[in-house]
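Colleague: First, the structure itself, so that you have it in front of you.
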Amino acid sequence: MNKAELIDVLTTKMGTDRRQATAAVENVVDTIVRAVHKGDSVTITGFGVFEQRRRAARVARNPRTGETVKVKPTSVPAFRPGAQFKAVISGAQKLPADGPAVKRGVTAGPAKKAAKKAPAKKAAAKKTATKAAAKKAPAKKAATKAPAKKAATKAPAKKAATKAPAKKAATKAPAKKAAAKAPAKKAATKAPAKKAAAKKAPAKKGRR
């Protein structure tokens, strides 16, 4: 909406001619600009505050050349929207179909109610979180206790396991001794066989 469109809307709402609506808009704007220029603030309840803000000296950069430029301290106009204006735009407050969009005294009710309701929900969330933590703590204690019992039962099993290999080793020792004996007997039986072969050789020589 531009200035001309704003004047048209005011002409219809005020039920007056265009000249009077134009004068009303221009006078309002002129008054705000002059007051802010002086350093004063213009407050419209429910709508917002027009004020002057002071900016300190700073260092900026030229976007074209990339050079560093020193900016002197300056004053800029600023607008702070009111609580009721914010509530209407955000949807927290319903915009009335008829009458003024913002009224004096309407802001305090919904804004305070919403502010009080939020901490209540936060406190409830904290309460449930502490309850959950309290329930969770015994579960952890029980979990740590269970492995302790398991370890206690496991200890005798290890002792038995170490005994078993000892018996096995004891039985294995005679087996090796027997194995060593066996080749000795074989060697003993093999020796006469060679002797017999030596005796047989001279017999062949005599026949020739």
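Every residue, even glycine, has its Cβ placed from backbone N, Cα and C.
Below, the features straight out of Swiss-Prot:
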REGION    1-90  region 'Bacterial histone-like domain'
MOD_RES   Lys3  N6-methyllysine
MOD_RES   Lys3  N6-acetyllysine
MOD_RES   Lys3  N6-acetyllysine
MOD_RES   Lys72  N6-acetyllysine
MOD_RES   Lys86  N6-methyllysine
REGION    92-208  region 'C-terminus, required for nucleoid localization'
MOD_RES   Lys94  N6-methyllysine
MOD_RES   Lys94  N6-acetyllysine
REGION    96-208  region 'Disordered'
REGION    101-205  region 'Degenerate repeats region'
MOD_RES   Lys103  N6-methyllysine
MOD_RES   Lys103  N6-acetyllysine
COMPBIAS  113-208  compositional bias 'Basic residues'
MOD_RES   Lys116  N6-acetyllysine
MOD_RES   Lys136  N6-acetyllysine
MOD_RES   Lys149  N6-acetyllysine
MOD_RES   Lys168  N6-acetyllysine
Colleague: To what whole number does the mean pLDDT across the region 'Bacterial histone-like domain' (1-90) round?
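Modeller: PLDDT averaged over the stretch: 94.
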Colleague: Select one residue from Lys72, Lys86, Lys103: among these modified residues, choose the one with the most other Cβ atoms within 10 Å of its Cβ.
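Modeller: By the 10 Å Cβ neighbour count, Lys86 comes out on top.
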Colleague: Give me the count of other Cβ atoms within 10 A of the Cβ belonging to Lys94 (N6-methyllysine).
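Modeller: Cβ-Cβ neighbours of Lys94 (N6-methyllysine) within 10 Å number 9.
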Colleague: Fill in the CA-CA distance, Lys86 (N6-methyllysine) to Lys94 (N6-methyllysine), as an integer in Å.
Modeller: 11
Colleague: Measuring Cα to Cα, how many Å separate Lys94 (N6-methyllysine) from Lys103 (N6-methyllysine)?
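Modeller: Lys94 (N6-methyllysine) and Lys103 (N6-methyllysine) have their Cα atoms 13 Å apart.
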Colleague: Residues with Cβ closer than 8 Å to the Cβ of Lys3 (N6-methyllysine), same chain and 6+ apart in sequence?
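Modeller: Non-local contacts for Lys3 (N6-methyllysine): Val25.
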